[in-house]
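Q: Got a structure here, written out as C-alpha cells. Questions coming.
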Amino acid sequence: MLRIFNTLTKKKEIFDFLLNKKINIYVCGVTTYDFCHIGHARTFIIFDIIIRYLQYLGYNTFYIRNITDIDDKIINKAKINNESIHILVNRMIKLMHKDFLSLNLIKPDQEPRVTQHISNIISSIKLLLKNNYAYVSDNKDILFKLNNFKEYGFLSNRMFNCSEKNFTTISKEKNYINNINDFVLWKHSNQLSIDTCTNWSSPWGAGRPGWHIECSSIINNFFKDGVVDIHGGGIDLLFPHHENEIAQLKSMNNSFSVNFWIHSGMVINKNHKMSKSFSNSVSIQYLLKKYDSEIIRWYFLATHYRHPLYYSEKNLLMMKNIFIKIYRSLLDCVVTINTKIDYEYHLRNKIKRKFFSAMNDDFNTPKACSILQKISKLIYKNKKNNTYLANILASDLVYLGKILGLFQNDPKNFFLKDNFCNKSTDLLIIVEKLFHMRNFYRSKKQWNLSDIIRKKLFCLGVIVEDNSYSSYYRFI
C-alpha cells in the first residue's frame, strides 16, 4: 500500500483513494524570465515519477502546472535585454518546453499562464475584499489582511516576524499597511503601460497581480469542489508561498483543502540553494549537452526526493558510469514486455516485490534504483550460461525501469547517443571505420591486427569492450 509523506502532518500517510477516482494534482511552475536550471529539472522529474507511479497503480490523474508569465523579475529582465515582456516570456516558454521534452517529462493536462487568468484573479481579490480578508492601502495596492486569518502558519509551523521578508510586498516603507507582513494581491500602477503584458485595468485602477494570488486563483478556478489531492513544489515554496496560498484559498472558500502536500528538496551548489539570485545555477541545456536525459534522471533518483541534492560533476559522472553499466547488461538480450502483466503478478516475485515496496514507501527511488542495479548484476551473471533467464531479467529491468522513465532506449542506440555527444563528424567517421575494421579482423581471428586497431582507437579516446556475443565502443 502506497504511503506518502505529507508536509502538513509531518508523517507518512496511506494514499487510500479509490482507483476510479481522478487524482487532482497541482505543481507550482516556472517564472519565465531566464533559462530553466537543474533545480527546476529535479522538481519536475520528481513529480513526473510520482505521476507515472500513480498511473501505473491504476489512478487517473489530472495534472496542472502553471506558468508565471508576469513578475518583477520578468519586467526587470526585459528592461535589461531591451526587449518586450511578450517576446522574452514566449522565448523562455519555448525553451522551457524544449528542455522538458528532452527530459521526457509527462505533459501537464493544463498549463495555465497567469496572464490568461487576470479576470479570475480580479474576481478572487473581490471575494477577499468582500470577506474582509483584504484591504486597499494608502498607495492603492490591495493587500491580504494577515491578522484576520487565524490559522496562518499551520502548514509550515512558521510565522512572519519583522526580520523576515515577505517578497511580495513592493514598498520599503511599510507604514501604509496594517501588518508589516501583509502581502500584495494587486500592485497598483498610475497608468496603463504601453506594454499590455505589464498592467491590466481593474475596479481599483490599473495594475497587476501579486505572485501568491496567481496560484491561488488558478487553483480556485480549476478545482471547483475546493479539493486538491496533491499539491507540490520545491521546499523553498513552503514558506511563505504555500502558506499564503492556503490563507487566500481558505479565506475565499472555507472548505478548501489539500489531501497531500509534497515538497521536494533543494539542489545545493557551492553551499547555497541553486538559484539565479546566487549566480550558481546550471542550466538544463548545459547538462543535456553533456549527458543523456536518462542519466540526468538517474542522477536525481539516486537521492530521495525530500532530501537536498548536493550537485557536483564528480557525483554526476559516478552516476553516469553506474547507469551505463546497467544499460550495458541489456546488450544482446531479447526483451519482451507483456503489458498485461498486472501489479499482483510482480508482487509474487521477490526482487520486484522489493522494488514496489520501495516505491510504496514514499517513492523511495534510491532503494528502487539499487534493486534495478541488482537485476542488472543478475543479468551479467546469467548471460553466458542461462540466456533464457538473462532475457527474463532484462525484460523485468526494462519493465520496472519504464515506471521511472528509464531504460526506454534500445541499448545500442543509447550507446550511440552517449558516444556521439559533442564529437566531431570527422572523428566519428574515423572511429566507425576502425571499429568495423577491427570486427572484420576478429571474425577472421587475426588477433594481432585486431589488437593494433584497439590501441589506435584508445589513442583517439575510445575504449573497445568485447563479450562473448559482440563488441562495442565508448569514448573515455
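Yeah, the Cβs are placed from backbone N, Cα and C, and that goes for glycine too.
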Q: Which of these, Cys28, Cys36, does Swiss-Prot list as part of the Zn(2+) site with Cys215, His241, Glu245?
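A: Record check against Swiss-Prot: Zn(2+) site with Cys215, His241, Glu245, extra candidate from Cys28, Cys36 is Cys28.
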Q: Write down the single range among 273-277, 363-367, 443-447 that appears in Swiss-Prot as motif ''KMSKS' region'.
A: 273-277
Q: Please identify the range among 8-18, 30-40, 228-238, 261-271 that Swiss-Prot labels motif ''HIGH' region'.
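A: Of the candidate stretches, Swiss-Prot labels 30-40 as motif ''HIGH' region'.
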Q: Using the centroid of the Cβ atoms of Cys28, Cys215, His241, Glu245 as reference, list every other same-chain residue with Cβ within 8 Å of it (recorded Zn(2+) site), in sequence order.
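A: Apart from Cys28, Cys215, His241, Glu245, the close residues are Trp211, His212, Glu214, Ser216, Gly233, Leu237, His242, Asn244.
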Q: Going along the chain, which residues at least six beyond the ends of the motif ''HIGH' region' (30-40) come within the CB cut-off of under 8 Å?
A: 67-69, 71, 73-74, 76-78, 88-89, 92-93, 95-96, 99-100, 234, 266-267, 273-276, 281-285, 287, 296, 311
Q: Restricting to the chain of Cys215 (Zn(2+) binding site) and a gap of 6 or more, list residues whose Cβ falls under 8 Å of its Cβ, or answer none.
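A: Result: Tyr26, Cys28, Asn66, His241, Glu245.
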Q: Averaged over the motif ''KMSKS' region' (273-277), what pLDDT does the predicted model reach?
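A: A mean pLDDT of 77 is what the predicted model shows over the motif ''KMSKS' region' (273-277).
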Q: In the structure shown, which of the binding-site residues His241, Lys276 has the fewest other Cβ atoms within 10 Å?
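A: Among the binding-site residues His241, Lys276, the sparsest Cβ neighbourhood within 10 Å belongs to Lys276.
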Q: Can you tell which of Cys28, Glu245 has the most other C-beta atoms within 10 Å, given these are the binding-site residues?
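A: Of the binding-site residues Cys28, Glu245, the highest Cβ count within 10 Å belongs to Glu245.
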Q: Helix, strand or coil: which one is Cys28 (Zn(2+) binding site) in, per DSSP?
A: strand
Q: When secondary structure is assigned with DSSP, how many helix, strand and coil residues does the motif ''KMSKS' region' (273-277) contain?
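A: So the motif ''KMSKS' region' (273-277) is made up of 2 helix, 1 strand, 2 coil.
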